[in-house]
Every structure is written in structure tokens, then in C-alpha cells.
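Here the structure comes first, spelled out in C-alpha cells, and everything after it is commentary.
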């Protein structure tokens, strides 16, 4: 018999989030005047808790800020849905069991909200308060919970229903009738609508015929499985369709035209189209991982090297539909699914770094709605508009989807949170806002684009899956099944608004990244075995759940399979067979394992605490059988699925698209009378051009230690990088580059041009990285369109043809991977008026290439004049691949002036791009380029401004050479008789030159090398379109000159604040507004010197060298708990310093496989132990403190005279909670939520204090940049420690070297800038920043140039690890 209890916990909302929620609730009922929230913990135990056990549980569940006294009001208890076990509960229960509480059956968490109304005069006299009526309660409740995973109950006692086991729902059959085909078809049509299957008429006929031949009725399981496996999302029916356009049969499908690129340029591609990700050729790399069989005396594997041919994975996915419905989980699971695709390639691989992109409709920011954010018809010529006309208001949106602003507040956090917790850096991406009324059709992205992509690495020997002998075990690895994401594949294939609201919401998955981390650790352990890898084949579980993944796994090997439904790992009771088999619960993989290898695989899973289950086995007969072990063997319910594989995955009817092209007459962009001052600022404020900082600092960009170029550039950390770059390993400088290109608004005017420009932009972006040749470039193409809307199908076909049959073949590059999402329109009814928003054909290109030397990557940071008043010593040159056409159609200028245009930028000649790429590579190799930035959204104006922002300087631009008559343009960069060559109106030509978004780039070169640069450009045929346009200035002004007159001048600070405005506003709606204001105001500091390192020691000195020379290598335990993700780079740094590094999981200590006594020291690594359940690092610490064996072992270790330990980030949080058993740590604080209430990923500066720490010996007084990546780094002395007595090792300092609490220089608000503390004897030190991620200079997004050349290229932080080795003697 279970025994239930409820333990109240900490505050669930910070003060500013409480105030924000109150503002929302006041819009429901203005009389609501207070809201509070407190965590509740519901505990189910197998036996009554003793007083000691209850006290232990209370201590376990004490974390965060104490709750205030209860207040009166309406109570709302939000808890997980009955019958489910939440991810939080799984981790908390596991922690409890590790804390010597075996009788705990389960711990669940809820939140009790108390909503209080005003007393009012009469109620004030009687002492009473207004109670909410039922309608208001329902409206309030809707804002307090996620109805997919949570419910609202009225009392705490009702929460005990969480532990009820619900009865399983029955299998259903669809009766097709005995002989009446029409009746059978009608029954299937009804099921199609009821279940949201999205089956076409042809598919319904196919299924009726197939089941008549099988002589039985289909089950709901089979229908749901078929619908997911054959959805547009999974089978890409439109891309494989036959086409007729304007009555003319087309000879190729869309997919055939994409494949054409690979057929013509297969070189360098290892895997294309046949797996979860594409694979391009890499190179020899030093792979670094724990080696099985090296356990020796320690019982755990030692880290080591293996030189191996290592290839690069490429994958880019979209998750548009879920993000429209529920932005945080939609984007989170989009990122998670793409990561799984990489890990499930071949026979197992390792994800490495990510990209993220968003496209939405107008944001309509509160108190900052822009003049162009309305429904004015842009097809009306500007000259015909009456200035007094009032523009129609915004088009609105359906209730069932999130607003664009909500998507951009919640979606990026969802995607970043998954990447952060899983442990993959996100290094690049894009953000576009587009919405315009064009001739009565609203074009935009109410159904957003949410794109997640990335790269990974795979051993050359693991790139292809193996065959599956009959009897091969079919295993589910990872998270449990729950009723989540039902019908997601089918739902995402429908236009938003054509499904029911409940089915739309059902189709959104929810994420648990810590679980996926555990599963990935198992995959890593498998591929690390090389030829002994037990994985024969692997697939990720995505659309359709295991009902799609398991059949794909066996179909690829020409096998059938038999599964037992009751062996599927679940954490929800009451599921029907269809819900068990078809749900899209995340963090799952399906694997094929040979029976003989299973014991070893099982041991790996148990060590990582990764759930797994053997669900079935492969069969020779190609029949798919799913049996229900709970049903009698002779009952019809015993076989929820029993069908030939070729019925499920064979050849359902091939789609035929019969479409037509639709011509449209649009006016050209009219710039007559436009005010340059206004337009310049409006363009910078447009979200597409504006700073993306709010999307970037929320993400971890350094985990793994292999990144060298992220979005942030220079000592002022401005987000303007063109390309993301990683290294292949921790030793060399070869690596990979990736970037994105997209120009979707152009498709409204000329869809094929938009496709060509997307590829062109990807090339001009990636050109910033040193790449041997353009032929090494590989592209991913993600295609979006509103198929079915008149003219859009033909536009899609023409765009794919332009890319796949023309441009890519001409460039000699291929597209080995991609995805499509072809239901990009939103329909709804607004008070009887039918409305819709139709997205343009949208090609998002991601480009990938091997990099020869990551140190040569170019950035947009301008190098300023040598000193104030001196003549400019550098020159800016624009390379204009538009050859002076200055086409404005679809540009940001057109959008902010509410125009569309009829002529767009285009790639006129593929040879231009090839010559451009070759010229930039040659100039870079010769060391002639100081800065580089491609021209894109916002045109030359935005390009130059961003370069100045990154350089923290002014710039003077002369547009004379850009306003010439194109027929008389010089082939050299100097003006010659320009006054005689000018034609047309000068002001108009200036606007076109500044704001046209033609392909090209601006380069900064030493003035002394200008002639040599032009010689190279002339060699590549580019001199005629290359022009000297100016230079940095010392005035801090951004100036535009024409005809020897200054036509525009504004302070860089003013323009940079305009450019940052959108980011600041969105961050202020999401994070602590005091912090976001502080960051915004930092732009006012004109004299800010930027990051300013100062070293008090010799960077080239290796203090560990004499001790390494003895040959002694002390053992260092690289300690991790489930969810930790920074152990690999830490192990490398320790190994480089002269230690033997061993991989020690807490499960190893619990199982007795090893003991801390076997090691000289340990490092507790960063990440998200237990997903930060029970507080960051606290769950990890409590499994030690409340477990007698572990507490004794750790206490003994700390009390040894020769031991040392380091805690970093999550390890710092954990060790701070161990302070009671660490000698000399009594004054240590806890580390709690950042003052910004946000995860902070930044490069900041710390000062090394004089302290006893052995890790900082000889570094005192140094100011050194270091990365932070945490959400809970605030040194909190309110519950523990003594700020007056604590020994501080590091403090955050500002760019002038002063200790600071100013955000974001102090990223968490810690008092007195505390970033690290140590014990009185200095042997045990903890710090929140990550030195292990920047032990090489090249790992920093910015560092002084001389650091990379010093010694072995180590950064100053390598001294920490070498100090530890020196301490060991």
C-alpha cells in the first residue's frame, strides 16, 4: 500500500516574473492584485516515512529561495497530467534512491499558485476578498499550465491522484464492411478526419484495397502508423511527385533535380540521401575519448588518443508546425530531433555544433510597433498613395497559434535550452521577419520557419549501416513513451488551421535533453570501440515515433520484425496500443544489436543510467508484427499490427501535381523623396538586420572545446560573424566551417532568383573561412512552400530547377542533404471573414566545408585608425557582384517603406561567385585582409555599420564610385572623371547604392597594399566591380560622402543603439529588465576599451614541464554525473598538463567499480547533472551527502593531505553544496539563479586574486578573458557562507580592470564580482567560468594575436592545469 505526503518547497517565481504574470492576469480580471507561486512536492512511499526519513526528504527537497508566508486567495495547483511520470520525477526519484531512501516510490513536483483579488470598499469592511468566478478561474488556469503535460486541480490533496494507475485503453478497429466498397471508404474517411491522419484520396483507396486483400479490418494502430510513415513529412510525396506545369509534362521530379547535383559532383561526399544525415569527407584527426579495456587498477576507463580518418556529418531540420503551436517545446524538440539525426547516422556518431534559424511575421513589439507593420497593399505604387490615408491594421492571427513575438520570446529559449543541456554549442544561424500584403494576399510567416542544423563527426569505418541477420535484437534506447506528439508527422504536413485545435496541440512533442545526453553517452561508448562497435544499425525516433523508426530500421536491411508492445518502455499508464506504438515522445533511438553483443551494450546503458528495452527481433519474413502480450494469444486484439512491410512502406500511389504559373504585375521600388536619415535608421531597426544578441547569449557556444569562431566578434563581442568554425580535434588547426544563406522575400517577386541568392549568400558567408576550393563545399537545402496555393507549386518547381539543374552544376557543388515543409500557410476565420497568410517559396541553404587552418578565419571587425587625428592607414573596398544594378525588390528598404518591387538581386553568372570565392581565399592566404563582411540584408549600409560596430569606431564612406553610369565604370577602384559620368538623380542613386542587397562583400585592407589587392581582384576578373569606398575614422561618426559633400553623419553609438533596439526590447520582455537595460546602456560608453587582457606571467612558460619529464603521471578522476557534458575537454586539458585522466561516473562509485582513494585528485565537470532537478548541482551533491558510503568516501578524500580537487560550473555548484565536508570551505556560498534570470553564455574578463589556491599560483593580478555558460552562477551568501571570510580566487572585472557587478560584464550579478572561491589551504577550488574550454588560444572568440603564437598555442588558462601538475611534484 502506498503512503502519500506533500512537502511544500521554495518560491517558484522570482519577483520580476511574478510581476510579469500579474500583469497578464490583470488583463483577464483587473481586480486581481497579487499572485504568488510555491513548489509542492508529492511523495509516494512504499512504507510510512520515519521521522528521520521525513527529515531527510525535507532536506532533499529544500532548494532555491524560501517561500513567503501563505496568503489568502484562489488556489491553483498545477501538476503533471494524471497517469504520467514527468522527467522531473524520474530524476528526483533517482536522486532519492541514491540518498538511502529506497522506500521512495516516486516524487512529483507541482506549483501552487495563489491569486488574490482586491478587497474593495465593502469587502474591505467585512474583511473578505472577491473570489474568482468559474469562467475567470478557467481563463487564469489556462495561463498557468501547459495543457499537453499538465493539469490544474483545486487542492493539494487532489495531487495524490498523480500516483493512480489508469486502466489501459482498448485497441480499436475500423470496420470497412464486408462487401460494400463505398461504405468501407466512408468508414476510412471518417477515421481520417477523427484521427487527423491527413491521408489523401488515393491513399484511402490504396488502404481499402490492401485490407480487402488481407481479408480483415485495419486497427487504429495500423492506420496511425501508416499515416505517419507515409505523411508528406516523412515520405516527401511532393518532392517525389510527377509534375505537369501549364499543361506541359516535366521530365524530372523535384528530388531528381536535387539528386542531379550529387550525380554531377559526388566528390567529397561519403553518404548522401540514404541516412539520417549526410557525410562529407573529413581528414585524419586525433579522436579523444575513454578507452575500454584500460580499466586496470582503477576499474574505470582511461582517456586516450586514436588517430583516425574522421568524416563530418551534416544535417538541417525544420520544426515549423510544433513551433507555431507551442514555441518552447516546438523549438526544443526540433533541436533535439536534429541532434538525434546526427548521432543516429551510420552505426553511431557524435554531434558537435549547431545552427538555428527563425523566420516569423511582424513582431508588433509593445510600445514599438513600426510604421511598416500593417496590411497596406505593397503592390500599389508608392506614387499613387495618398499621404493622408490610414493604413489598414495588422491582419491578426488565429487563436490556436502563437504570435510571432511569442515565438521569438519562447522558441529560441526552447532551442537553446535543449542544446545547452544536451551539451552542443550553437554557433550560428539567422533571424528574419517578413510580412507584407502583396496585391491582397498577405505574405508572411504566421506558420514560422524554425530550423535546426549542425555538424558532427563519425569514424570512417562507421558511416554505413550493417545488415541485420534474422534474430538481431531490436532495442529502444532513451526516454520513455508517453502520450505526446500524437500524429505529429501528419499534422506538420497540413496547412496550419486545417486541423482541430486539440489535434494540433496533441502533435507537439516535449523534450528532456538530459535523457538524450545519457543515450548519446551510450552511443559514444559504442563507436569508441571501433571495429567492436555493437551497433549494427541505428535510427532516431522522430515523426511517427517507434512505429516509424523500427520499421525503417528493419526495412533498410530487407527484413521484417516481430515486436512485443508491452516491452516498450513507458512512463504513462492508460495508453491505448496506438498511443504506445505511435506517440512521438522524444530522446529515443532504435538500435539493432547482435545477441552476442547485448551483455556489453547492457553494461554501457546501466553505467550511463540510460533506459533501454529489447522490444523485438528481426525476422527473415518481411512481415511486421506487433503483438500485445497482455491480450490472449487467440484474441483478435493480440495483433495490433500484422501486415506485410510492402503495404506499410511499399509503393502507395505516386502523387501527380498538375499546376500552373501565375504572373503578377508589380511596381518597381520608388525611392523618390525618401529621407536618408529616416531610412538609414529604419533599416538598422528592422529585426532582420538588427542585432541578434538576444538569440545568442542564451546559448552555450563553447561546450566541447572545439569551437573557434562563434557569432560574437572582437573585444566588444558584437554578434556579426559570417561563419561558424570548429576544429577537428584539440591538437591541430584543421576544422570545419558552416553557415547559412536565405533571401526568402525575393520569392514573392522572383522565386528562382531567391533560390540562387540563398546559395550565393551562403557562399559569400563561408568565404570568410579558409577553404581549399569551392568544390569542397556541401549544401543542405531546406525547402518551404505553401503548396496548393495558386502559383506556388510552379514557383517551387522553377526554384528547385534553377538550383538543382543550373546554378549548383555550374558551381560544381552538390546538395547531399535537405528537407521540405510544404504546408506553409495559415488559414482561419475571423468573425466570419476568411483570412490566410501565405509564406513565399523559402529556400534555406546551409553550407559546410573543411577548413585548412581555423586561425585564418576572417571577421567583420574593422581595425581602427592608429590613433586619433592620424590619417587613415587602411582602406575599405566593396566587391559588387551586382555590377552596379542596385536592384531593390524584396529589400529591407522596400519593406520599411511598404513597397515590394519588381526587380530583385540575382546571380547573373555562376562564374562570378567562383571568381569571388577564389579571390577572397587568395587574399586571405596572402595575409592582405584585415576584415571581411558579406553584403546581405540592409545592403552596403548595414554591412559597413556592422563592421564599425564590431570595431568600435567611426567610418567614412564615399559612394561616388557606386553612383556612376554602369556603362562607363572604371576597372579600377579610384574615381576618374566621375562628375562627367554621373547620370540620374544623385540622391536616388545614393539610396540604391546603399540599400541594394546584391551579392558581394566589403573588405578592409592596408592602404599600402591596395594596389596589390586590386591586382588579385583583376586577376580574377573582379576589378571592374570593386571600388574603394572609404576608411575608418577617429571621430566615432558614421559618415556618407557624395560629390565631396557629407550627406549623412551620425554617431556610431546612436546607430548601434538603433541596431540593438529590437534585441533589447525582446530580451526585456523575457529576462530581468534591469539587466537588459544595463547591457543596452553600456553602448553609451564611447571610451569602452573592450576586453583588455593583462598577464603577470610568461604565457610560453610550462611550469609542469620538469615534472612531466620525470615520466610520472598522477591519476586524475574526471568526475561526472548523469547530465554532465564538459568532461571530454577537461580530460584533455588535464592530460596535456601531465595527468592520466580517467572517466569516473558517479555510478562507478556507487557500484564500487572504483574509489576516490585510487586518485590523486578529481575534477567535477560542468553540465546539467540530473537536469538541475533539486537545484543546479544540488541533486548531485545530495546523492553524496545523504549516501553513507559516498559521504564517507568523499570526506576521506578531502581530508587527505595530498589530494586536490577542482569544481567547474555544475561541478562548482555541486562542490559548494559539499562545503560542510570540505575542510576550509565553511565560508563558501551556494551558487543560485543569475540575476538576469537567464542562461548566460559569454566571454568575460576575470582578475586572478591573491589567494591560497594552488590552481592560480603565479597568476595573481592577471586579467584574462574566459567563457561562462550557466544559468545559476550567482554567489549567494544568504543561505550559506560568509562573504567577509571567503577566500576568493577570481573576480569579474570590467574592461578597465575594475571589479564589477555591472551586467553583463558580471554575467550573474555575484557580489564583489566573485567568480571563484577556494579553501584556506588552496587544494580545493571551485569556479563558475570554464577554463577547460579555452585552454588553447584558438578556442576563444577573441584573443590578442600574440597569444596564438606563444609557445604551443596554449591560452593563459593552461597555466591552471599545469599548476595542478606542479603541485603533485
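Every residue, even glycine, has its Cβ placed from backbone N, Cα and C.
Feature annotation from Swiss-Prot assigns region 'Disordered' to 321-352 (among others). Long-range contacts of the region 'Disordered' (321-352) within the same chain: residues 146, 148, 271, 275-277, 279, 313, 315, 400-402, 406-407, 409-415, 417-419, 422, 424, 446-448, 450-458, 462-466, 485, 488, 491-492, 494, 496, 504-505, 507-511, 513, 516, 519-520, 523-524, 526-527, 533, 535-542, 586-587, 589, 704, 706, 726, 736, 821, 823, 826, each at least 6 residues beyond the stretch ends and with a Cβ under 8 Å from a Cβ of the stretch.
In the three-state DSSP scheme, residue 338 (ATP binding site) falls into the helix class. The ATP binding site feature in Swiss-Prot is assigned to 330, 331, 332, 333, 334, 335, 336, 337, 338, 339, 340, 341, 721, 936.
Proximity of distant same-chain residues to the region 'Disordered' (373-400), defined by a Cβ-Cβ separation under 8 Å and at least 6 residues beyond the stretch ends, is recorded for 325, 361-364, 435-440, 442, 444, 446, 496-497, 501, 504-505, 664, 666-667, 669-670, 672, 826-828, 830, 835, 837, 894, 897-900. Positions annotated as region 'Disordered' by Swiss-Prot: 373-400 (among others).
DSSP assigns residue 722 (Mg(2+) binding site) to coil in the three-state reduction, outside any helix or strand. Look at Swiss-Prot and you will find 722, 761, 765, 934 tagged as Mg(2+) binding site.
The average pLDDT computed for the domain 'Glutamine amidotransferase type-1' (1116-1369) is 97. What Swiss-Prot lists as domain 'Glutamine amidotransferase type-1' is 1116-1369, and the listing cites sequence analysis.
As annotated by Swiss-Prot, active site, nucleophile applies to 1209. DSSP assigns residue 1209 (active site, nucleophile) to coil in the three-state reduction, placing it in neither a helix nor a strand.
Residues annotated as active site in Swiss-Prot, with sequence analysis given as evidence: 1330 (among others). On its own chain, residue 1330 (active site) has 702, 1126, 1166, 1208, 1209, 1266, 1267, 1268, 1269 as residues at least 6 apart in sequence with a Cβ closer than 8 Å to its own Cβ. Secondary structure at residue 1330 (active site), taken from DSSP and collapsed to helix, strand or coil, is coil.
According to Swiss-Prot, the active site annotation covers 1332 (among others). Residue 1332 (active site): 30 other CB atoms within 10 A of its CB, across all protein chains.
The highest number of surrounding Cβ atoms within 10 Å, among the binding-site residues 338, 722, 761, 934, is found at 338. Broken down with DSSP, the region 'Disordered' (373-400) shows 3 helix, 1 strand, 24 coil.
When Cα-Cα distances from residue 765 (Mg(2+) binding site) are compared across the recorded positions 330, 334, 721, 1332, the shortest belongs to 721. Around residue 334 (ATP binding site), taking its Cβ as the centre, 27 other Cβ atoms fall within 10 Å, counting all chains.
Ranking the recorded positions 721, 1209 by how many Cβ atoms sit within 10 Å of each one's Cβ puts 1209 at the top. Across the fold, the C-alpha of residue 332 (ATP binding site) and the C-alpha of residue 722 (Mg(2+) binding site) stand 25 Å from each other. DSSP classifies residue 330 (ATP binding site) as helix under the three-state reduction. Surrounding the centroid of the Cβ atoms of 722, 761, 765, 934, where the record places Mg(2+), the chain contributes additional residues within 8 Å, namely 723, 739, 741, 762, 763, 764, 766, 767, 768, 933, 936, 1001. The shortest Cα-Cα distance from residue 934 (Mg(2+) binding site) to any of the recorded positions (336, 338, 340, 1332) is found for 338. Cα of residue 761 (Mg(2+) binding site) to Cα of residue 721 (ATP binding site): a span of 13 Å. Rounded to a whole number, the C-alpha distance linking residue 722 (Mg(2+) binding site) with residue 330 (ATP binding site) is 27 angstrom. When Cβ neighbours within 10 Å are tallied across all protein chains shown, the highest count among the binding-site residues 332, 765 belongs to 332. Taking the C-alpha positions, the distance from residue 1332 (active site) to residue 340 (ATP binding site) comes to 26 Å.
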